[in-house]
Amino acid sequence: MVDQVKVVADDQAPAEQSLRRNLTNRHIQLIAIGGAIGTGLFMGSGKTISLAGPSIIFVYMIIGFMLFFVMRAMGELLLSNLEYKSFSDFASDLLGPWAGYFTGWTYWFCWVVTGMADVVAITAYAQFWFPDLSDWVASLAVIVLLLTLNLATVKMFGEMEFWFAMIKIVAIVSLIVVGLVMVAMHFQSPTGVEASFAHLWNDGGWFPKGLSGFFAGFQIAVFAFVGIELVGTTAAETKDPEKSLPRAINSIPIRIIMFYVFALIVIMSVTPWSSVVPEKSPFVELFVLVGLPAAASVINFVVLTSAASSANSGVFSTSRMLFGLAQEGVAPKAFAKLSKRAVPAKGLTFSCICLLGGVVMLYVNPSVIGAFTMITTVSAILFMFVWTIILCSYLVYRKQRPHLHEKSIYKMPLGKLMCWVCMAFFVFVVVLLTLEDDTRQALLVTPLWFIALGLGWLFIGKKRAAELRK
């Protein structure tokens, strides 16, 4: 299944046959960082802080720890065969064509749903400056812009993600530095609140809402990490993947400590967790509370670009998944055609049209944070399915191809054990989703996607995949 599309570095290669390795190490490192700093951190952390209090720091650390091992499994598998274009390829190769079909289409749907959440977030951030702006205007403008830029070249996507990620990095580092200065100077907000690390343990302790509050923080916190596997969809367009992919994956723990743990510690030191408004981004509200409205506008711009960055990643990855699925015969043939610039243009256009569903979602559920919660729950469940498929593929790889593991230059630590630990953790998170009313609704809707996929495989996909193999 993995040798049907040639992947080349030569910019002069025939566009109809090949993707091009035009993403450099600089692009891959920043794409990985940008993927780890998702909309969920900016948009969802207000709700998670209000649900869990300071214990949300441990929630992010636990999820990050688990996903690091998922990414290590993905990295070893992708590097075991450089013909793999993405994780749907090794799922198809190791688990069977059905797995490639389910993984590819589910990952496509994951990013469409995530893109809808980004559209919702962009609308909310735009209303910070333009409260009377129609929802659909901001959404449509962003979608058209992303489509136009992605139709250019894969290098354009890499450049956009590079600068989007740089904006996020500078903003979060600045927030941490400013917050530390406020704490050191015992800064007082207009409401009389003094910045202090003591807010982390003085207002009810580390677990003010008990274990129930701690567990409740996992759902939106999981969504903050979606996109962490994005480097796995760039494998076919990366120069020197043997060096770039390990470097990007190995930096995950540092990124989590810097961008999640430190940022949340500073936010809750300047603004007591009990004062955080669930419906608003604490990154914006932090500066509003300390009387710096101009800085709040800057941060609002940053979180808006973060949402645009996430949507940009979604547009890229969905088009590449559709391209691979079409090559395997389980998606319309039109998606397998590349433009003169080696870009899957029809897949890009189709995915962007689907993003307009975010606008529809706002009409169905006028509450922005309510719509965001419902969308993110569906997305989190589907991403956990994809991560589980990666782990299952790794277990089969270890059993059926031990010789490849032995000579691997990038072995997953504690491979088999951590696969089972991570899968048990995902089951635990799904159980937690049944405890809250808003997340339970989305959990009940999600199986409809798998039923639709199953019917598609039974009546169409299975036959087409068999014909292509012959």
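A Cβ is built for glycine as well, from the same backbone N, Cα and C atoms used for every other residue.
What Swiss-Prot records for 1-29 (among others) is topological domain 'Cytoplasmic'.
Residues or ranges marked as topological domain 'Cytoplasmic' in Swiss-Prot: 72-101 (among others).
The feature topological domain 'Periplasmic' is assigned by Swiss-Prot to 123-136 (among others).
According to Swiss-Prot, the feature topological domain 'Cytoplasmic' maps to 158-161 (among others).
Sequence annotations record features per position, and here Swiss-Prot assigns topological domain 'Periplasmic' to 183-210 (among others) based on a curator's inference. Cβ atoms under 8 Å from those of the topological domain 'Periplasmic' (183-210) belong to residues 51-55, 58, 216, 265-266, 268-275, 289-291 of the same chain, restricted to positions at least 6 beyond its ends.
Annotated topological domain 'Cytoplasmic' per Swiss-Prot: 232-255 (among others), in sequence order, evidence recorded as a curator's inference.
Taken from Swiss-Prot, the feature topological domain 'Periplasmic' applies to 277-282 (among others), supported by a curator's inference.
Per Swiss-Prot, the feature topological domain 'Cytoplasmic' maps to 304-349 (among others).
Residues or ranges marked as topological domain 'Cytoplasmic' by Swiss-Prot on the basis of a curator's inference: 392-412 (among others). Long-range Cβ contacts of the topological domain 'Cytoplasmic' (392-412) within its own chain (Cβ-Cβ under 8 Å, at least 6 residues beyond either end) map to 69, 72-73, 75-77, 79-81, 87, 90-91, 94-95, 99, 242, 245-246, 418-419, 423.
What Swiss-Prot records for 434-440 (among others) is topological domain 'Periplasmic', and it gives a curator's inference as the kind of evidence. When pLDDT values are averaged over the topological domain 'Periplasmic' (434-440), the model yields 76.
The feature topological domain 'Cytoplasmic' is assigned by Swiss-Prot to 462-470 (among others).
Here Swiss-Prot flags 30-50 (among others) as transmembrane segment.
The transmembrane segment feature in Swiss-Prot is assigned to 51-71 (among others). Beyond its flanks by at least six residues, the transmembrane segment (51-71) meets 45, 200-201, 203-209, 213-214, 216-218, 221-222, 224-225, 228-229, 231-232, 249, 252-253, 256, 260-261, 264-265, 268, 273-274, 278, 387, 390-391, 412-414, 418-419, 421-422, 425 of its own chain at Cβ-Cβ distances under 8 Å.
According to Swiss-Prot, the transmembrane segment annotation covers 102-122 (among others), on the basis of sequence analysis.
What Swiss-Prot lists as transmembrane segment is 137-157 (among others).
What Swiss-Prot lists as transmembrane segment is 162-182 (among others), and the listing cites sequence analysis.
Counting residues of the topological domain 'Cytoplasmic' (72-101) by DSSP class, helix then strand then coil, yields 23 helix, 0 strand, 7 coil. The listed stretches are 102-122, 162-182, 211-231, 256-276, 441-461; of these, 211-231 has the most Cβ pairs under 8 Å to the transmembrane segment (413-433).
Note: the stretches the transmembrane segment (256-276) and the transmembrane segment (102-122) are not in contact (fewer than 3 CB pairs below 8 A, sequence gap of 6 or more).
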